[in-house]
Amino acid sequence: MHYPDLFDVIVVGGGHAGVEAACAAARMGCDTLLLTQNIETIGQMSCNPSIGGIGKGHLVKEIDALDGVMARATDRAGIHWRILNRRKGAAVQATRAQADRVLYKAAVRALVEKQEHLRVFQTEVSGILLNGETVIGVSSQHKIDFHAKTVIITAGTFLGGKIYVGLNYFVGGRAGDPAALELANKLRDLPFETHRMKTGTPPRIDARSIDFSQMSEQLGDEPLPVFSYLGNVNEHPRQIPCHITHTNTQTHDIIREYIDQAPMYAGVIKDAFGPRYCPSIEDKVMRFHDKTSHQIFLEPESLTTNEIYPNGISTSLPFEAQLKYVHTIKGLEQAIITRPGYAIEYDFFNPQGLRYTLETKAIKNLFFAGQINGTTGYEEAAAQGLLAGINAALRVYDKEGWYPRRDQAYLGVLIDDLITQGTREPYRMFTSRAEHRLLLREDNADQRLTAIGYQLGCVGSARMKQFDAKMTAVAHASDQLKKLLIPADRLSGLTHNTYAAELLKRPEIDVRAVLALANVPPDEYPSDEVIEQIDIAAKYSGYIQRQYEEVAKLQKNRAQKLPVPFDYRKVTGLSAELAEKLQKVQPHDLDQAARIAGMTPAALSLLLIYFKKHTQPLSNSEKGGDCVGEKL
């Protein structure tokens, strides 16, 4: 049967990407339907119960700046908070929260159910409905066809998922949930380049069987941070510590003994690549022979359960091996395993088959987001879902698509890396991937994106009002500091009266220090958020200005637009290899072409000369801007 309503946007999958996609489209006023195998698992944390970290925390802040869900849910669920790289510069400092997975899922569910224009329906999607090369809806296991103007697929690890514990495997999307086999088969029949990836998870352990006295205690940071710009520490639940222990040579000996029963090493998983930056414990042991131990973080999964997530020992080894090696670890000698660790192998599609809006090139109005595009991690998935939701809504309204540049957002770096270079191993975000990371700090994500989001329609008036108030407060406090004169006798080494704004350029002096020198009462200080902005601006102003100048120069040199589509075999002098890569990627400007693997300065010069000679200047409407990406 046909479902009686026509939707603007259908989102397939209720994980982190799906939730952000559905909520973004709904915030923009689209009648949106979220389809999920199980309503009870919306927002479920399938692996590590944590949000944020290096690069990942930046993505969470950007999601929040665009009025997304993840930061707000984490603020309601975070039970252990830390600021990573606190002693380093502001650009690489990152927030990380250990989340109560029960509270997190409940918070996400509440935000989804509160969202206007969003409907949820429980069914397994079995295929997509096409009219020629345009998607018009999806089919389901209940023999119900759902029709929509756009469709976003956020299937996570469920496409053709196989779960391995040793050499034995069973079909599943994650432990306890079925794989989307029929949908995977239907998608493989379409003109998408299909590959396989593998990821894994560690055995879970009963906290009551752990001797924490033999481990190092790791407390959270004080004062407690928040993820959302609208957040408040009063939303946080009770805080608890994590603990640290290590593997040892006995652990490693057992892993080597069973290595021929690890599916990757036995050749059972042949064509799937695992995550480079989150290797299994067997990979660590086999790749790093000289290391006699590896760190393990014992992370509580919830305030209301006894399960512990031992971060650092994800595995595909048989359960017998898991029992043996866990019992060699200090503090885990009597550990009781509640769930075995496992590896999961699943389908993904080459992201080079996507436009920057995350619409597929092969099927009009069909968008992919999350692990289906070759990424790993909740944050990377959520960020893609948000972008796909925005662009699906823009398509519904017949508006041009949007995506951020590399100098605007880590989301821009993520999308550009995927589409320009593709990936064969699970892609995760790091600050090191961003060449303009001084501009892409956690603290200024709202300044980079909130106003743009408001213009696009995905940021609500309440957030925009709060953002405007913050920026007004920053401007007012900055002006006051420019007028505040500090007498020379108030500070050792000061030879003349100096304005506070000048003193702030010194690395050892911050806003609170100059206000104290001026005898300003503490209750008259600006908010912590405002003080942070002023301190960073004062300390890094020269570096930030230099990076803006570098960006402007780069944009000028590489702003040459390229026609899409174009036959690059016409460009005389290009190597066959580069012509083939350009033909596949179809870069929209010289900047994107420059990042294609194997591109040379000589080849870029050829392209620049060729297109300046053979193409007409683009109109202003075609050049794009802060809120314009490519035509959908």
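Keep in mind that glycine also has a Cβ here, set from the backbone N, Cα and C atoms.
Listed in Swiss-Prot:
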- Gly13, Gly14, Gly15, His16, Ala17, Gly18: FAD binding site (BINDING)
- 274-288: NAD(+) binding site (BINDING)
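Comparing Gly274 (NAD(+) binding site) with Ala17 (FAD binding site), their Cα atoms are 20 Å apart once rounded. Each of the binding-site residues Gly13, Gly14, Gly15, Gly18, Gly274 was scored by the other Cβ atoms within 10 Å of its Cβ; the lowest score goes to Gly274.
Taking the C-alpha positions, the distance from Lys284 (NAD(+) binding site) to Ala17 (FAD binding site) comes to 29 Å.
Between the CA atoms of Glu282 (NAD(+) binding site) and Gly15 (FAD binding site) there is a gap of 28 Å, rounded to the nearest whole number. Summary for the binding-site residues His16, Arg276, Lys284: the Cβ-based neighbour count within 10 Å is maximal at His16.
Counting only the Cα atoms, the space from Cys278 (NAD(+) binding site) to His16 (FAD binding site) is about 19 angstrom.
Annotation for Ser280 (NAD(+) binding site): same-chain Cβ neighbours under 8 Å, separated by at least 6 residues, are Gly200, Ala262, Met264, Gly274, Ser314, Thr315, Ser316, Ala343. Counting only same-chain residues at least 6 apart in sequence, those with a Cβ under 8 Å from the Cβ of Met286 (NAD(+) binding site) are Ile255, Arg256, Ile259, Tyr265. Taking a C-beta cut-off of under 8 angstroms and a sequence separation of 6 or more, Ala17 (FAD binding site) has the following same-chain neighbours: Thr154, Gly156, Ala369, Gly370, Gln371, Ala381, Ala382, Gln384, Gly385, Ala388. Just so you know, the Cβ of Cys278 (NAD(+) binding site) picks up 18 other Cβ atoms within 10 Å once every protein chain is counted. According to its DSSP assignment, Ala17 (FAD binding site) is helical. The two recorded residues His16 (FAD binding site) and Arg276 (NAD(+) binding site) have their Cα atoms spaced 22 Å from each other.
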